[in-house]
Structure formats: C-alpha cells, structure tokens
C-alpha cells in the first residue's frame with residue numbers, strides 16, 4: 001500500500017483512510033478522503049514542527065507534530081491530510097509513553113453519513129498486537145470487519161497492515177471505535193458520528209447550534225498490555241490514576257501544585273448544544289452533571305429515544321447518550337463533573353476519581369474569566385446505584401416505521417448469570433478457595449469463564465465459515481441456565497465465606513452458543529452477588545437488543561415477564577444490567593457470523609465474562625455470510641511486503657489452517673478456501 005508523499009514507513013504506526021461526507025455541511029454531500037494516522041517515534045530524524053493546540057484534545061508535550069496538508073474542501077477530489085507521531089505525554093508529573101491516535105487523546109472523530117462506505121487501512125508500527133472494533137456498527141453480512149482478535153480476525157501484528165471496510169446503513173447517531181486488545185482502548189478510541197441521510201434538519205428534535213463529542217475516560221500510569229495479562233491471571237490490584245473528559249484530567253488534579261488542564265466547552269447564551277456522550281472508561285459507570293443546566297436525552301447507542309429531561313446523565317462503559325443542553329443559565333462559568341459510580345460496601349471499595357471540565361459563556365470577559373467564580377453542581381452519592389437504575393429505566397424507543405419492531409414472542413430463552421468465581425491455578429487439581437493463592441478469581445457467564453487457548457491459530461469466524469475445527473481449542477455450549485439455582489443477589493455472597501465458597505468453583509472454556517438464522521432470542525441477564533456487587537454493561541456485537549424490562553433482586557419469570565415492554569422498548573448495543581439486579585432483552589439472530597458478547601468492564605472481559613454467539617447462514621444468498629473479501633486477505637500483510645504477494649501468502653494460510661473440515665462443511669466454501 002502506498003503511503004502519502006513525504007511519509008516514511010519507518011514512522012507510520014496506524015493509518016486510517018475514511019470515506020466521509022465533506023464539510024462545510026452547506027456544500028453538497030460528496031465523498032472525500034480524510035487520512036488520520038498514528039505513529040511511534042523510534043528514529044532520530046527531524047521533522048518540521050508545527051504546533052497544534054486544541055482545548056479539547058491534549059497533544060504530546062515537546063513533540064514534533066507534522067501537518068502535511070490541511071486544505072479547505074471544495075470538491076470531491078480535495079483531501080484533508082494529517083500526520084503526527086505517537087510519543088510521550090505528561091500528566092501528574094509523570095511522563096508516559098501512550099498509544100494515541102493523531103497525537104491526541106481521545107482520537108479523531110470519524111464523521112460519516114448514513115449509507116456511506118468506510119475504508120480504513122491500519123499499519124501497525126506499535127509494539128503490540130492490535131485490532132480496531134467499530135462499536136455498535138451492525139456490520140450486516142460483514143462480520144469479517146468487526147475487529148475482534150481471534151474471533152473475527154488474527155491480531156494485526158507489529159509491522160503488519162490490515163484493511164477494514166464497512167457500510168453504515170440504517171443507523172444514525174453516536175457510536176465509537178476502539179482497540180479491542182490488551183486494555184489498549186484506554187487510549188485508542190474515538191467517536192464515530194453517523195449523520196442522517198436527509199441532513200440535520202431531519203432530527204426528531206430541534207436542530208442544535210453545535211454538536212460536541214464528550215468522551216469520559218481514564219488516565220492509566222500503567223503498561224496497559226501488562227495490565228491485561230495481570231487481570232487474566234487473577235492479579236487484580238491495579239487501578240487508574242484519574243478520570244478524564246475529552247482526555248483532560250481537570251483542575252481536581254495537579255502536578256506539584258500546578259493544576260491540570262480541563263476540558264472547556266464555550267457556549268453562546270440561548271444556543272442549543274447536542275452533546276454526544278461516550279463512556280470509554282475501562283472500569284466505571286459515571287454520573288455527569290453540568291451546574292445550572294439540564295439535559296434532554298434524545299438518543300442512546302445510535303437509536304432515538306423519547307425525549308426526557310434530567311439533571312444527571314448516567315452512562316456505563318460502552319454506552320453512548322445524545323443529550324441536548326440549552327445555554328439558558330446566567331452568563332458565567334459552570335463545572336461539568338463526571339463522578340465514577342461504585343457499588344456500596346460490603347463490595348470492595350477501590351480508588352475512583354472525579355474529574356471536571358468547564359462550560360463557559362462567551363459573554364464572560366475573556367481577560368477576566370479566571371476571576372469569575374465557577375459554579376459546581378451538587379453530585380449524587382457515588383454509591384447511588386438506584387439513580388443509575390432509574391435513568392436507564394426511563395429510556396424508551398421513539399418508534400419509527402423504518403426500524404424493525406420487537407418480535408412479539410421469542411423462539412429461544414436464555415437465563416445467564418453474571419458473577420465471579422475461581423479456578424485452580426494448577427489445572428485438574430483440587431485447591432483451596434476463599435482467596436487462597438492456590439486459586440485465581442475469574443469472571444463467568446453461567447459459571448463458565450471464557451478463555452481462548454494460546455495454541456489457537458485459526459480465528460473463530462474463519463473456522464466457522466470454512467467448516468473446520470479451530471486448531472488448539474475445543475468449545476463448550478453456553479447452557480440455557482446456570483448449573484444450579486441459588487439466591488443470586490444474597491449480599492452474604494459478596495465477601496469470602498462458607499456460603500460463597502460452595503458456589504465459587506468455576507470451569508474455564510471457549511464457550512459458544514449457536515442460533516439458527518432468524519431466531520428471536522430472549523436473554524435474561526441476572527447480576528449476582530458472587531464476590532462483587534457491580535453492574536454489568538453487556539455488549540453484543542453485530543446486533544441491537546430490545547431492552548424489555550429491568551429489575552432489582554432476583555428475576556421471577558411468572559412475575560416479571562408480564563411487564564415486558566413490547567411497544568417501544570429501547571434498542572441498545574450495550575445493556576446495563578443493574579447492580580444486584582437483572583435485565584431482560586430480546587434480539588433477532590439475523591446477522592450471520594461469530595459475534596462476541598461480553599461485559600464492557602475491561603477487567604470483567606479479561607477475567608472471562610464473555611461468550612461467542614454463532615449465527616448460522618439463512619436460506620438465501622442475501623441471508624448468508626459472504627466469503628472474506630479479497631482486500632481482507634490482501635491487507636493483513638507485512639508492511640515490507642507488497643500487497644499482492646502478502647495477500648497470496650495469507651490466502652494460502654487460510655486453507656492451511658482449515659484442512660480438517662467438520663461434517664458441516666459447505667462444498668462451495670471448501671473450494672473457495674483452496
């Protein structure tokens with residue numbers, strides 16, 4: 001693949017090319033190329049320095065930043081090209097080498113229009129394996145591009161490249177993209193905004209004056225890859241150093257008395273602003289408030305909801321919320337505060353950090369802004385999990401005829417418990433539990449902790465498509481119910497003890513569940529008190545879920561199914577299962593492929609709270625997964641190799657890893673693999 005003029009492959013780390021709708025929005029909507037790249041600086045070559053400072057995106061300090069081109073877009077042929085380096089960033093008096101996109105944290109916002117096609121070339125010059133997941137993009141008949149290591153693709157190794165292509169069809173609103181490897185999404189993430197095909201005038205709410213992505217995250221003074229390894233091995237004593245709004249820690253943090261910069265949103269009196277809120281944090285739900293202002297919630301997970309007004313947003317990792325804010329307060333300065341939520345004692349209390357930015361009215365004299373006292377909101381108690389329960393319970397879908405309606409009944413029913421347990425560190429042997437070092441804590445679904453063996457060489461999707469068994473692994477089916485019933489939300493189970501230890505033993509396997517195409521599936525996610533009282537944001541790839549109901553305590557089918565909302569349930573790709581409660585969802589398994597379902601708390605994912613949902617092909621070509629696109633094979637090649645030869649090598653490796661077909665092998669697919 002050719003790089004832009006003046007850029008050496010020795011410097012490129014990750015290189016995106018997106019097909020997007022051009023700006024300004026008053027011009028005809030035409031396609032243009034926008035190049036966004038990530039780099040690692042491992043060279044002494046000097047580059048022309050051009051300072052670039054953005055209040056919303058902290059840049060690396062004392063770092064060469066090269067902007068090759070930044071031209072006004074006046075035609076379909078014009079392009080906006082930006083290139084920067086991955087280098088050190090300094091916060092809290094500590095310089096850290098961090099993996100960021102385009103020299104900024106968070107990464108660039110990708111803006112597309114409904115119906116657009118997106119092409120993204122990734123060149124990996126980082127020291128890590130990496131994939132990019134397009135969170136919430138449905139990827140219809142396109143599971144190959146979902147971006148999950150060893151589920152849909154092999155990881156992109158250092159010094160290799162890969163190409164993603166997908167359409168954004170039938171979706172409008174706020175989604176996001178992030179790394180799906182080794183905790184790297186803490187810094188490798190950004191917004192993905194899908195504009196309506198008919199323009200912003202087609203919004204089912206008043207057209208805002210401005211739209212602003214607001215991404216809540218965390219600052220980690222850790223080696224993120226090592227962090228992932230620690231959690232997967234049961235070593236859990238790792239915590240972030242702070243929380244961020246659009247990559248900035250804010251003035252609650254300081255370095256030797258010098259306050260950290262905070263995110264600032266400048267507003268004009270009387271104007272309306274659409275905040276596109278994303279929780280990219282690894283560990284926490286958050287409360288978000290702006291002093292003196294209210295929110296009107298209008299969408300979540302790129303699905304419109306019936307508008308409702310609130311003074312606090314509650315958002316879990318993986319979720320997006322679109323909310324209107326009107327600048328109708330007295331001109332001044334108002335804190336925007338993000339407060340992490342954690343379950344109350346006896347749940348383990350961990351370090352959690354509040355962060356804050358600022359909403360500043362333009363009518364305040366610029367030279368005297370620092371003299372104007374900022375107003376702080378009154379925040380909820382950090383243990384107020386009930387407020388989260390009611391916030392999510394207020395969501396209901398804004399019914400639109402063009403969107404699929406909730407199925408009246410389900411064909412299959414799953415009851416899935418979510419909790420912690422333990423396995424023996426020495427496989428196959430009995431061991432002591434209750435926190436003893438002979439055992440290690442794992443997370444599980446229906447008492448099975450998800451695990452991909454190191455010997456696995458063939459991604460799940462490839463093995464499924466070509467009808468061969470993935471080398472190095474066997475699978476276990478995710479059962480309809482947990483192996484035993486108990487009082488799931490008994491608070492006595494949160495801490496180690498005799499009752500808890502009876503339930504603690506857990507198995508570990510590569511757990512899957514297979515669905516016939518078109519099956520309507522009901523899932524009740526039951527949160528448990530097993531060694532934790534956390535909520536669980538459950539994310540299903542490749543599908544939206546209808547949230548039929550939620551509740552506290554133990555789910556009772558006879559009582560609770562009677563109150564399912566089959567009229568206007570919210571559609572979500574990430575469903576928050578409340579602390580010590582349950583959530584009932586329904587989805588249609590109509591997108592063939594192998595789709596990960598997992599908790600979006602990164603520690604729960606690393607510890608095994610995941611499974612693979614396999615959706616079989618339908619009866620027609622239009623309901624069957626196509627073969628891997630040619631670019632898919634050609635793109636995962638060494639940077640030093642040509643596209644054609646590297647593609648042929650990978651093409652041959654497909655058949656090499658699929659030489660043991662199962663009894664279900666489709667002859668046409670077997671022929672394609674050769």
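Along the chain as shown, residues are numbered 1 onward.
Every residue gets a Cβ built from N, Cα and C, even glycine.
Remember, predicted model here, so these are calculated numbers, not experimental data.
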With TrEMBL as the source, which of 17-37, 38-58, 59-79 is set down as transmembrane segment?
59-79
Residues flagged as region 'Disordered' in TrEMBL, choosing from 597-635, 636-674
636-674
Average model confidence [pLDDT] within the domain 'Plastocyanin-like' (89-197):
89
